[in-house]
Amino acid sequence: AGTAXGDLTPFQLESLREVCEVNLACEHMADTXGIVAAYTAYYGY
């Protein structure tokens, strides 16, 4: 079962940001398409 963005807690979203920010491409995508989309694109879910 997939988890929609609305189901993530602020703590979970912050964890995704911390993983993504070490990857400049992921961080850039997060700025334009959102953290959940960027994390999923680079790291799967």
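Placed from the backbone N, Cα and C atoms, the Cβ positions cover glycine too.
Here is what Swiss-Prot records for this protein:
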| type | residues | note |
| --- | --- | --- |
| MOD_RES | E14 | 4-carboxyglutamate |
| BINDING | E14 | Ca(2+) 1 binding site |
| MOD_RES | E18 | 4-carboxyglutamate |
| BINDING | E18, E21 | Ca(2+) 2 binding site |
| DISULFID | C20-C26 | disulfide bond |
| MOD_RES | E21 | 4-carboxyglutamate |
| BINDING | E21, E27 | Ca(2+) 3 binding site |
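Structural mapping of features recorded in Swiss-Prot.
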residue : record                : Cβ within 10 Å
E14     : 4-carboxyglutamate    : 11
E18     : 4-carboxyglutamate    : 9
C20     : disulfide bond        : 22
E21     : Ca(2+) 2 binding site : 12
C26     : disulfide bond        : 20
E27     : Ca(2+) 3 binding site : 15
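For C20 (disulfide bond) paired with E27 (Ca(2+) 3 binding site), the C-alpha to C-alpha distance reads 6 Å. In the three-state DSSP scheme, E18 (4-carboxyglutamate) is classed as helix. Straight-line distance linking the Cα atoms of C26 (disulfide bond) and E18 (4-carboxyglutamate), rounded to a whole number, equals 11 Å.
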